[in-house]
Amino acid sequence: MKAIVTILAVAALGSVPLWLRDPYLLNALITTGIFVIGAMSLNLLLGFTGQLSLGHIAFFGIGAYVSALTSLGFDIGLPGGFRLVHAPWPPIVGFVLAILIAGLCGYFVGLLSFRVRGAYFVIVTISFAEVVRLVALNWVELTQGPLALTNIPSIALPLPGFGELTLRTKFHNYYLVLVVALIAYLLIARLVHSHFGRAMRGLMENETLAVSVGIDVTRTLTIAAVISAAIAGAAGSLYAHYIRIIDPEVFAFINTVTMVIMVISGGKGSLAGPVVGGLIFGLLPVALRPVMAPEAQWIAYGGVLIAILFVLPRGIVPSLAQRFMRRRSGAPALAPVTLTETSAKEPA
Amino acid sequence: MSEFLQHLINMLVLGGTYALLGIGLTLIFGIMNVVNFTHGVLYTFGAYIMFIVVQQLGLNFFLALPVAVLAGWLLGAAIELTLLRPLRGSDIDTTMLVMIGAWIAMQSGTLWIWGGVAKSVATPFPEAPLVLGPVSVSWLRLFVLAAAAMLILVTYLLINKTSLGRAMRATFQDHDTASLMGVNVDMIYTSTFAIGSSLAAAAGALLGPVYVIFPQMGDLAAVKAFAIVILGGLGNITGAVIGGFILALAEELGAGYVSSGYRDAMGFLIIIAVLIFRPTGLFARAERVG
């Protein structure tokens, strides 16, 4: 049943560029898709380990900058009179490096942050994102600062026997984003349903109990942070090569908030949640554009976030799923997963 | 040397308003356990009240400060009653996200009403600065420092010498017990939020004329306030005052001797460093209100 829904949803999404000819809408769908990937990665932390990271855009932005700089090349002075010169590499290498380096940053932030929890964790992550933004703004030699990195090449896929396919059009980029999103979705789904996923949820629900049965908190949370950051880095790379210009505004806090809203509204801790929430909130500005001034749209955005937290605190997907299950079985839906014997046997 | 003295003078002026911001946030954070993302918007709001009173209504500059404090108090109370009271008992993440929603909506509201063009406020102070040997300081900045010092003193007396302050301290230590002793905890929460908000608005009203007034001015102020709170320790008013001055000093020295582009990075670096090395703040033993 669930598989059918998933396949239908993918088929529907896959058919869009075949009938949708409006470039504005297609563009909105592509950028929304990129942010949905970011939201899915955020959900891995927020929904499955319970850690609210409000600096998530840092990994997205680092991915974007790494990928852009790899494919554009740079020439910077280092202390001691040395120069570091990098000749442009193919964008696809930039994509891979973006994933690796964002993941590495996720490792350090993970190590650093999980020493502190709750409100302090949130503030550390915000601070990290802001420091990275200020570096991007002020290290003009590397990043061009506010002048932005321009003319970022599109991703080119090497096709054995056919040369290269440069993904320049919206049509191409739509499918690129869709494929990466699918891979990210499957990866997260696989992870969540593994032993490791149960360890994560065990930690989220009762840390003391989880630790007492031998789950290594720091290790589990750090791995989750690395994977989450790496996926966000991939999304950032897609963004850089699609938009083809990036400036330090990519690190703006509002972009993190957008991802958080996508996760919370769709339903944190639900695999489909960020996708549903992401499509709704990514396309909401498109729907509101003809009827509202941009400032009024943002007022509505904040208002909707508050309304969702008041009315549907668990998010759209879990609330709908619960209603659907109740109707089918005539009984209350399953209680939330708790730490049972299965995860108690978890090897650390 | 004279350059260093000049930095110290600037630090005093900046530190006073930072302390106001920090005290407001540390009260809210400490007593209510709410990560208040609207703190920066209240700061912006205070600055715009200054602009309205002085530039649009043409009233006295010195009247604008009490008006801003009062307006901040009312707006804070309204936020607490409509958004936080219904969420009492829900987890900290939910209230934090609601506060983020309120922040986005209110900041966009500011942008909608007053537009994105930066505003400045005319002040009654002479243009020529006060010169003291090798350093100089503008009269406006001196007034800002004096007003901030006065507000800090008033807050200190309020917390330590009044029955409301005693009830707030009791609520901070243990809200269940305070409630059993007859403290109206709901009223304490609303008062705390209103007082904290009025201090943020006062800081905005004081610094607005020094710089320029624009809708996003509160974002950095909010993060700086968080840095101050973390530096000083949760709920620690003295810590917030000292933290405000330390942050101001770090910013002045960072901007003066490293690079002015990284002035605003100081707050974040302080947050990260403090949380790595002394997560409970610099004055951990005194972690209580008062």
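Using the three backbone atoms N, Cα and C, a Cβ is placed for every residue, glycine included.
Automatic prediction, not curation, is the source of TrEMBL annotations.
As recorded in TrEMBL, the features of this protein are as follows:
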- A:24-46: transmembrane segment (TRANSMEM)
- A:53-72: transmembrane segment (TRANSMEM)
- A:92-112: transmembrane segment (TRANSMEM)
- A:119-140: transmembrane segment (TRANSMEM)
- A:174-192: transmembrane segment (TRANSMEM)
- A:213-239: transmembrane segment (TRANSMEM)
- A:271-292: transmembrane segment (TRANSMEM)
- A:298-317: transmembrane segment (TRANSMEM)
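Taking every recorded stretch in A:24-46, A:53-72, A:92-112 and counting its Cβ pairs under 8 Å to the transmembrane segment (A:271-292), the highest total belongs to A:24-46. Segment contact is absent for the transmembrane segment (A:24-46) and the transmembrane segment (A:119-140), given fewer than three CB pairs below 8 angstroms at sequence separation of 6 or more. Counted as Cβ pairs under 8 Å, contacts with the transmembrane segment (A:119-140) are highest for A:53-72 among A:53-72, A:92-112, A:213-239, A:298-317. Within the same chain, residues 31, 34-35, 37-38, 40-42, 44-45, 48-49, 51, 53, 56-57, 59-67, 94-95, 98-107, 109-111, 113-114, 155, 173, 176-177, 180, 184, 187-188, 191, 196, 199-200, 202-203, 207, 246, 250, 339, 343-344, 346-348 sit at least 6 positions outside the transmembrane segment (A:213-239) and bring their C-beta atoms closer than 8 Å to a C-beta of that stretch. With a cut-off of 8 Å between Cβ atoms, the residues of this chain six or more beyond the transmembrane segment (A:53-72) that come close are 38, 41-42, 45-46, 86, 88-91, 93-95, 97-99, 101-102, 105-106, 109, 113, 121-122, 124-130, 132-133, 136, 142-143, 149, 151-153, 225, 228-230, 232-237, 239-241, 246, 248, 250-253, 255-257, 259-260.
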